[in-house]
Structures are given as structure tokens and as C-alpha cells.
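Beneath this line is the structure, given in C-alpha cells, with notes to follow.
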Amino acid sequence: LLSTAFTSRDYADALEKSILFFEGQRSGPLPSNQRLKWRGNSGLSDGASYHVDLVGGYYDAGDNVKFGLPMAFTTTMLAWSVIEFGGSMHSQIGNAKTALRWATDYLLKAATATPDSLYVQVGDPNMDHKCWERPEDMDTPRNVYKVSAQNPGSDVAAETAAALAAASIVFKDADPSYSAKLLQTAKNVFDFADKYRGSYSDSLNSVVCPFYCSYSGYQDELLWGASWMHRATQDSSYLSYIQSNGHTMGSDNDDFSFSWDDKRAGTKVLLSKDFLEKSTSEFQLYKSHSDNYICSLIPGSSGFQAQYTPGGLLYKASESNLQYVTTTTFLLLTYAKYLSTNGGVVTCGTSTVTAESLIAQAKKQVDYILGDNPAKMSYMVGFGERYPQHVHHRGSSVPSIKAHPDRINCNNGFQYLYANSPNPNVLAGAVIGGPDSKDNFADDRNNYQQSEPATYINAPFVGALAFFSGKA
């Protein structure tokens, strides 16, 4: 494959699939216009035994648990994708907003069900992970977990505030009353996150760790949440909050990854927009740190320190690497947009890097994922000639229980795992964990690090694909 292997039509096809993937992650009663027909209703009584309505939302990855921190981050990134690149989504803008609203409808329930608390999880992950079954057939416990004044979770609460605030921008024109509800709830949740400070990992322990433990602490989410509140409200109180708290919440430190756990690089890019557009002097620091972040990614520039595979894929982790690739690619393109709109450049020591260079670097990553790589394989299910066949995902890899009446109840210790039989259902658009540092990929369902998809891998990729689909 040549670097020009993909046309804007290819990117548009990948964009459509990347959004379609979210329909495969839906929990709750499905609408009549559901396109992935193999997915059925599930989790219809979530929260009922606790006298709250927590039906809906998304399963985070290949399992059947609704984890609040990655779901909220996914929501923020879907919203940010629409905010920055919705103009290039064309026929897919409606589907993108529908995917976003599926998440925000759930987060609104989670944030308003009980005063001074936020519901952050449905499902017992330890029991769920022992049981390989479709969500439609679930017989594992649907425990409900929340953070509260007594058991704080500033990280998950501030991320939820960010998600609701970002989404309020998306729906502002088309549905002003819904947008206002999102923003008011975001304010309440952010105040809750800030007032009762603490990490949800400390409050919920083994329920969230090691699955989505808040390794980076909660300061980065408070600053990220405040940044989105500022963007959505233009209220000077959030500017003051960022100024007075930034130093203790990570504004002084360079940080080189962006994920469901660590928001620092994303916050700096987000805040640099105000400096570039309005010369808000308080945010000059964020522009400098954004430059340092970008310089670390561009080979040949002063400050370069990223690792790339021989095939040119950004490599940051041994587990689910593509989640870092898609977030980084999104930030490259978003920063390029902010720079080019305002005549700015990236300063890397004595060298200067243009917006075009950032776009070129982002394109390499997108093209690699779509199949321009040493394996000549697309890491998006259903895209291209060759893509993963053994996805680590309950819904796509397990046939309906109706076809197997002899199946034993999971809670008796039976694990229903089709090791490497082909997926009976195609989870179209899913981007999986991806290859290792040497570009090798094992198409093996048991190797979840490489073969499991996740909502937070796809969400930023939606924006990146929209950008390239808009280029003729």
C-alpha cells in the first residue's frame, strides 16, 4: 500500500463504521432504527433493585460492565470530535450526535438520580469477567456503585462534568433546552467533584481497580473539567478557577500521554485555543506545554522522544496501544486546526513545526490503523479486505443462547469462551488494541491486549476520520 492508498471516500466509509460501532456497545432498550441487528435489548432493569433508573449507556469494551470513568471520557471525546470536525462529517453528523446522546442521556440519569452523589458503575467486574456471555443473556450480578460526599470520586465526577459540558455545546443550536439541562447538570457535578475531593479508586477499591483505576489521581480531571466548563459557559469564574488551581493540578508539568485516565495533554491543547484566538495571557503557559507535547511526537524536531514501531505507528504501551494512538492523533489534528486558524506554529527549540507537519503525522497514524502497515491489515473490524476475525468481545463472538439450550448457568462457574472460532457477528467499526512494538499482531481472542475494542479508542478516531474525509 502507498501512503496515498486511501481516498476521502475511504475515510468517509471508515467514519461511518467508527460511529456504527457505538451501536454495538449499547445497553438498554434498542430503538427501531438500530442498525446492528444482531444486538438486542440488555440491562433493562439496571439500577432497579437500588430504586434508581440506570438503564442505557454503553458497555466500555468487550465485557458487559458499564464503567463510568471511561464512559464519561468517551462522551467528552465524541463531543469534542463533533465540536471540532462536525463540519466535515456530512451525512454522518446525525449518527454522531445520536451516539453522543445515547451516552449523555445515561450520564444525566447517573448524575441526577440521588442528591450529592453520582452513579459510576453498573455490574460486578470480577463476576462479569469470569462469564463469557452476551449482554442479552446476562445472569451475572448488576451491582450499582456510586461516589458521594462520604466516598468522593473527583476524577470520575469531573470527567462527567466535562462530558456534559462538551455535549451542551454540540446540542446548543439544535436542542437548546436539552443543552441547558446538560450544562446545568455539568455545573452541579463539577461543584460536587470540587467540593468533595478524593479519588474514586480510594472510595471503590477493588470494584474499579485494576480495571479503571485512577492512576493519575484526580487533579488532572478537575482542571480538565474546569476547562470544559469555561469553554461551554464562557463564565469568568472558571477562568479564575483554572488560574488559581492550575499549578497544583498539573499545568506546570509536561505530560506526554492522553487517555481515559490522564487528561493533562488534552487540557493544554484545549486551553491553548484561548491563547491563540484571544491572546488570553493566562493561557500562554498552556500553549508552551502544548508545543512541548507536539515536539515530542515529531521525529527530527527538538524535544522528540516518542517511540514508533518500524512501520511508523506511535507506540506507548504494552496494553491496548491504539487507544493512545487515536487520542494523540486527535490532539495533533485539533492543535493543527487551532494553529492554522490563527496563523500560529509550533516552536521546538530552534526549529519550527507547521500545522501541515502535524496533519501529515496524524495521517500516517490513521492510515496505519486502516491498513497501510507492514501486516497489510486493517485494525478496524469490517474495513478493508483483511481485518481481525477473533475480536475479544462478548456480543460479537458468542452466538445467541437460544442456539445452545444445554448451556450451564454462568454463576455455577461455567465459562462460555469460544477460543478462536470466527466471530458470528461483525462488530463493524471497532478499533481494537492493535499490534505490538514490532508491528506484530496475534489475531487471538484470548490476547485481549491486542484484540479487544473499546469505546475510548473509537471516540477520538471519529474526529480524526471526519477531518480526513473532508479533504478531497
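Positions of Cβ are set from backbone N, Cα and C atoms, glycine also.
Copied from TrEMBL, the annotated features are:
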ACT_SITE  His392  active site
ACT_SITE  Asp443  active site
ACT_SITE  Glu452  active site
DOMAIN    11-465  domain 'Glycoside hydrolase family 9'
Please work out which residue of Asp443, Glu452 has the most C-beta neighbours within 10 angstroms of its C-beta, and give that one of the active-site residues.
Glu452
Around His392 (active site), how many other CB atoms lie within 10 A of its CB?
24
Whole-number answer please: how many Å between the C-alpha atoms of His392 (active site) and Asp443 (active site)?
10
So what's the average pLDDT for the domain 'Glycoside hydrolase family 9' (11-465)?
93
To the nearest Å, how far is the Cα of Glu452 (active site) from the Cα of Asp443 (active site)?
10
